[in-house]
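Chemist: Residues annotated as ATP binding site in Swiss-Prot: Ala10, Ser11, Gly12, Lys13, Ser14, Thr15. According to Swiss-Prot, the feature domain 'DPCK' maps to 2-197.
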Amino acid sequence: MIIGITGGIASGKSTVVKVIRKAGYQVIDADQVVHDLQEKGGRLYEALREAFGNQILKADGELDRTKLSEMLFSNPDNMATSSAIQNQIIKEELAAKRDHLAQSQAIFFMDIPLLMELGYQDWFDAIWLVYVDAQTQLQRLMARNRLDKGKARQRIASQLPIEEKKPYASLVIDNSGDIAALIKQVQSALLLLANPR
């Protein structure tokens, strides 16, 4: 059984993943996969450098992720170019990791922030959506990424609204409350997985 984890930016997916890992389950983290592919010499690093030139690199040759993010979120054409380049490479890498893990794990998870936006729904037996109301999401993103309201709204707007993700979810984990309530919901869901009714 493969379970997809998704949610809006700053919804609390990382905390959910920590609880799942603590319970002994394997989680493939799409953001980490992307990070690895963007390392100097990686497939995405080379593809992005070819598309946007050396202006997206730091002095030491590493990818300047902050500069790249600013370029993408401020220009829809850049975002479209980047998505076209990256999505296929990422999909291939995630599929390879999924197939490898499926050989040894009966149940595992994949944390994919843009799961619905990029059409990964068919990969999963279940989808867990980490939900947070719009105001809380905005405040958390501004605090976490030190963004002003305008930039935070821009990032949230680049994803499918969380309400539109709900119909795809087999389980909605509500993170509008405190961290203890969030952890309790995840632990209950994991208990049901281990002991299905």
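Quick reminder: no glycine exception, Cβ is built from N, Cα and C everywhere.
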Chemist: Which is it, of Ser14, Thr15: the one of these binding-site residues whose Cβ has the most other Cβ atoms within 10 Å?
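Modeler: Of the binding-site residues Ser14, Thr15, the most buried by Cβ count within 10 Å is Thr15.
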Chemist: Using the Cβ center of Ala10, Ser11, Gly12, Lys13, Ser14, Thr15 as the ATP site position, which other residues in that chain lie within 8 Å, going by their Cβ?
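Modeler: Nearby residues not in the site list: Gly7, Val16, Val130, Val132, Asn175.
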Chemist: Which state, by DSSP, holds Ser11 (ATP binding site): helix, strand or coil?
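Modeler: DSSP assigns Ser11 (ATP binding site) to coil.
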Chemist: Among the binding-site residues listed here, Ala10, Ser11, Gly12, Lys13, which has the most company in the form of other Cβ atoms within 10 Å of its Cβ?
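Modeler: By the 10 Å Cβ neighbour count, Ser11 comes out on top.
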